[in-house]
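Trainee: Before I ask anything, here is the structure I am working with.
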Amino acid sequence: MAIKEDVESDLQEGIRAPLMRVENNLADGGSSIGGNPWMVYLSTFVAVCGSYEFGCCAGYSSPTQSAIREDLSLSLAEYSVFGSILTFGAMIGAITIGPITDLLGRKGALRVSSAFCVAGWLAIYFSKEAWSLDIGRLANGYGMGAFSYVVPVFIAEIAPKNLRGRLTAINQLMICCGVSVSFILGVLVSWRALALIGLIPCAVNIFGLFFIPESPRWLAKKGRHKEFKVALQKLRGKDADVSHEAEEIQDYIETLDRLPKAKLLDLFQRRYSRSVIIGVGLMVCQQFGGINGVCFYVSDIFDQAGFSSSIGTITYAILQVVVTGIGAAVMDKAGRKPLILVSASGVVLGCLLTAVSFFLKVHELALTATPILAVTGILVYIGSFSIGMGAVPWVVMSEIFPINIKGQAGSLATLVNWFGAWLCSYTFNYLMSWSSYGTFILYAAINALAILFVILMVPETKGRTLEQIQGAINK
């Protein structure tokens with residue numbers, strides 16, 4: 001084992017210089033000279049229709065809970081399965097879409113993701129029984145999990161360096177927009193109509209894929225060099241000189257191919273343990289703090305607290321979009337660690353305010369104040385989560401894993417994330433039935449532990465190269 005690790009270390013040292021050179025060239029700005037990025041914008045728009053669809057799927061169950069339960073006579077347990085099975089499907093989608101993306105290409109994977117979502121929405125629309133609802137929701141979950149992987153990969157691979165950061169941030173923003181629009185429309189239309197509306201971004205995505213090029217990097221990886229250069233030229237503009245960028249991409253891919261292929265068990269080697277603990281730990285902190293329970297059932301929370309679910313849900317939706325945009329804008333200036341600490345602290349405060357409101361309601365104390373406390377707590381919770389806890393764990397995860405284990409480690413962290421999302425959404429209604437204020441005290445305690453974890457374990461990665469970050473962590 002020691003000899004194997006020494007050989008791998010020597011190999012990585014031998015290719016470190018060219019890898020760093022190519023990565024820096026690709027990261028610092030566009031290498032192509034001249035050109036018009038309109039095709040990049042169009043391609044990004046088509047791709048983030050998948051992000052918007054992700055948000056539509058995630059936001060569907062909250063505003064429709066009462067209507068679906070009444071129309072189909074579902075028990076609380078049956079609706080909890082319907083709400084949570086989405087994340088179970090997403091776990092399957094997130095794990096299996098990687099090989100599909102490598103086999104069929106990024107555009108092929110986007111089509112597969114949209115197809116699952118279309119099938120899911122149609123199953124939900126025509127549902128008469130709980131089982132068909134669950135099948136539709138499971139298919140939606142698969143598509144959602146697949147989109148969570150392939151959309152950011154596709155955008156990162158087509159964008160020139162000077163636009164990559166801004167375009168990648170649109171992914172998270174469109175997810176929030178999808179959730180928020182579903183919340184608002186769910187108040188205005190029936191649950192079956194909302195399912196049909198969910199088909200629209202899928203249709204735009206599938207139709208738009210006919211007009212945009214495949215990822216040049218995937219084409220180069222597959223040895224389709226003529227198509228690779230045609231696709232790159234389309235993305236950079238017909239007048240752009242893409243020769244230098246094309247050479248950089250091909251050199252980069254050749255360098256990656258020389259790295260040893262990591263296996264899942266390699267993640268548990270001592271030299272990788274800290275980065276794996278940080279990546280997986282941040283996903284645990286993000287999901288077990290209650291976000292998917294609150295997101296999926298926010299209208300029911302407002303109803304139980306005695307506040308108008310329509311007004312509360314619409315306010316929640318608008319705040320989520322605005323704060324997510326602010327968080328994306330300040331992340332590179334404020335730093336990852338301060339942002340997530342401020343975010344987690346605000347989430348703790350939001351949980352405590354909500355817990356107090358339910359405590360007062362249960363004990364019939366200050367009943368006029370409880371609805372205001374509840375809506376304040378939930379809005380503080382989602383505002384705080386959106387500015388840091390929502391996006392920062394994914395950013396840090398993309399930075400801390402060495403490139404030779406990034407695929408395996410990223411899959412593990414993504415699996416843990418979706419498992420946490422499933423567990424949280426499935427148990428939320430049961431916890432609320434046990435104790436409404438106890439539920440939010442529990443979430444406050446978990447988020448307090450998250451603050452401690454970030455302080456002790458998570459490094460600041462702002463302004464450092466990937467090699468510097470990974471070298472410091474994986475000593």
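Yeah, the Cβs are placed from backbone N, Cα and C, and that goes for glycine too.
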Trainee: Under TrEMBL, the annotation transmembrane segment belongs to which of these stretches: 36-59, 276-299?
Mentor: 276-299
Trainee: Find the member of 79-97, 109-127, 170-188, 276-299 that has more C-beta pairs under 8 Å to the transmembrane segment (311-331) than any other listed stretch.
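Mentor: Comparing 79-97, 109-127, 170-188, 276-299: 170-188 has the most Cβ pairs near the transmembrane segment (311-331).
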Trainee: Between the transmembrane segment (409-428) and the transmembrane segment (276-299), are there at least three Cβ pairs closer than 8 Å, leaving out pairs fewer than 6 positions apart?
Mentor: yes
Trainee: Which stretch, 79-97, 170-188, 276-299, 372-397, tops the Cβ pairs under 8 Å count with the transmembrane segment (109-127)?
Mentor: 79-97
Trainee: Should anything in the same chain at least six residues away from the transmembrane segment (170-188) have a Cβ under 8 Å from its Cβ atoms, list it; otherwise answer none.
Mentor: 44, 48-49, 51-60, 62-64, 151-152, 155, 194, 197-198, 201, 295, 298-299, 309-310, 313-314, 316-318, 320-321, 324-325, 328, 386, 390-391, 394
Trainee: Between the stretches 79-97, 194-212, 338-360, 440-458, which one has more Cβ pairs under 8 Å with the transmembrane segment (276-299) than any other?
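Mentor: Ranked by Cβ pairs under 8 Å, first place goes to 440-458.
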